[in-house]
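Annotation source TrEMBL lists transmembrane segment at 14-39, 51-77, 89-110, 122-146, 166-187, 208-229. The domain 'DUF6534' feature in TrEMBL is assigned to 173-245.
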């Protein structure tokens, strides 16, 4: 029986991990500021939307705390106890679980927007396949966390590659691509003769495409690093950033863009565009001003 591959020296991996942790903390500051502006300026939203923003921010905060504790464990405690470099700890795997949950919430949010935007006869055609892939992404993500927690030693984590990690990465990329394609198709279908609406829809389409590219590229990089450098910290370093991009992708691509809209909401034809978090439209069948979900 072959012996496990020893983990690489700490100086080959923890530099990248520390840099990604610092970048992640900077992104956490942005998400905190945007959450603050949301509650400050959009108090008219329903309690469900406020709860969603609050839950995402709390999970982001928990992820940041786990990430900081992980770095303290390896860089401070590991300075006098080098054996800690050989295995993962609960806070490292817990931060991955937070990322999986945040990504699942974000994808469910956009899946619901797609269901609302879809024509009545095609709602199930658009939403059900995407929902199934999103659920698979979540299931394989949690399974990956469980497998890592059981094996613990970094040299043994590559044993979960085929069963959990690769399916997790594939469904992550596939779900983001399908969500982006559905949003682009549905937004183009909802073009109107109003120039301001057309301009906003074009920006939302660009946002959906950019979101897909950003999330897919990061997911591919993480999977490739995990397979190319088994037992190293490179993939975990990029995982620190993945959770933050999921939070940021739920926020509007240009916050000040919507300050010109009175009270943060405006009716265009038979649809209302909500500026914060939604980045997609709600149906307004009555033509009246209503609260967002």
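From the backbone N, Cα and C atoms, a Cβ is placed for every residue, glycine too.
The list of residues near the transmembrane segment (208-229) in space but at least 6 beyond its ends in sequence, with Cβ under 8 angstroms from a Cβ of it, reads 8, 13, 157-158, 161, 165-166, 169, 172-173, 176-177, 179-181, 183-184, 187, 235, 238-239, 241-242, 245-246, 249, 253, 279. Residues 10, 14, 17-18, 21, 24-25, 28, 31-32, 35, 38-39, 84-85, 89, 91-92, 94-95, 98-99, 101-102, 105-106, 109, 240, 243-244, 247, 250, 276-277 of the same chain sit 6 or more residues outside the transmembrane segment (51-77) yet have a Cβ under 8 Å from a Cβ within it. Within the chain, the transmembrane segment (14-39) has long-range Cβ neighbours (under 8 A, six or more residues past its boundaries) at 50, 53-54, 56-57, 60-61, 64, 67-68, 71, 74-75, 233-234, 236-238, 240-241, 243-245, 247-248, 251, 255, 276-277. Residue counts of the domain 'DUF6534' (173-245) by helix, strand and coil are 63 helix, 0 strand, 10 coil (DSSP-based).
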